[in-house]
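Copied over from TrEMBL, here are the features:
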| type | residues | note |
| --- | --- | --- |
| TRANSMEM | 26-45 | transmembrane segment |
| TRANSMEM | 51-68 | transmembrane segment |
| TRANSMEM | 88-106 | transmembrane segment |
| TRANSMEM | 126-146 | transmembrane segment |
| TRANSMEM | 166-185 | transmembrane segment |
| TRANSMEM | 205-224 | transmembrane segment |
Amino acid sequence: MVPFRKPSSVWAGFLAPNPAKRWTELFFLAYSPVWITWVLCILGLSEWGYMSIGVTAAAPVVLAPIFLQPKAEREKPWHQRYWVKANAWVAIFGFVGNYLWTHYFYQVLGAAYTFKAHELNQVPITLYFMTHAYFALYHALANVLIRKARNVAKPWGPRAQLAAEIFVVFSLSYSTAFMETLTIAHFPYYTHKNKAQMYTDKPYTLWRAIVDALAASMLVTLLLDFWRLLAPTLEGASNEGLPWLAGVGASPETKL
């Protein structure tokens, strides 16, 4: 069991005042370098080999807090624990992203995964699990950086805080997209063809986390489809029809 600790003055602007939220974010950040390090060293496996990588990366995010959670979290009903709600949000958002949004990259950008894999809706199942691991990292990293930016800008008022948050979100969006593109370029089996409510004193329920994740998923789905309709496509790719209904871009390997 890992106890709650009061944040030092150096980290106070980054860390959440809520002890449960602070512990969960720190756990996600501390665990992420572990799975990233060993995943970078593994290539050339079978269908079940790749599946085991995804499950092994995602499982500690969900299971380790059961044994490591602080006493104050352990004493709460399971559905009120912050790490449970965070995992539910990340799981739903990640599932929708893989199940629907991957097809925009298949169709609009002409991308495809070519490694042997068990698939769900023409997306390797291992990627559903890997997404949970790295979205947990994004979840925690975005939270601490946005919190720090808002704390730094607080003396200049709400507009300055909003501007700081927009800057952090834009910077993180661009940098993560760039790094994902850079790293996947070296992967041999991938080819191309309301603010007040956020700060309310009322805590998130598990149901609210689920609804929020579904709402965010729907918003991104619409934005991606607007992108498909308005943006020019690469040569040889197509922007006709909903990508997740078109059945293109999938590898001919084992499917569900």
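Heads up, residue numbers simply count up from 1 along the chain you see.
Placement of Cβ uses the backbone N, Cα and C atoms for every residue, glycine included.
On a predicted model such as this, the values are computed, not experimentally measured, just so you know.
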Leading stretch by Cβ pairs under 8 Å, where the reference is the transmembrane segment (126-146) and the options are 51-68, 88-106, 205-224: 51-68
Distant-in-sequence neighbours of the transmembrane segment (88-106), which means Cβ under 8 A and at least six residues beyond its ends: 61, 112, 120-123, 127-128, 131-132, 135-136, 139, 206, 209-210, 212-214, 216-217, 220-221, 224-225, 227-228, 242-244, 246, 248-250
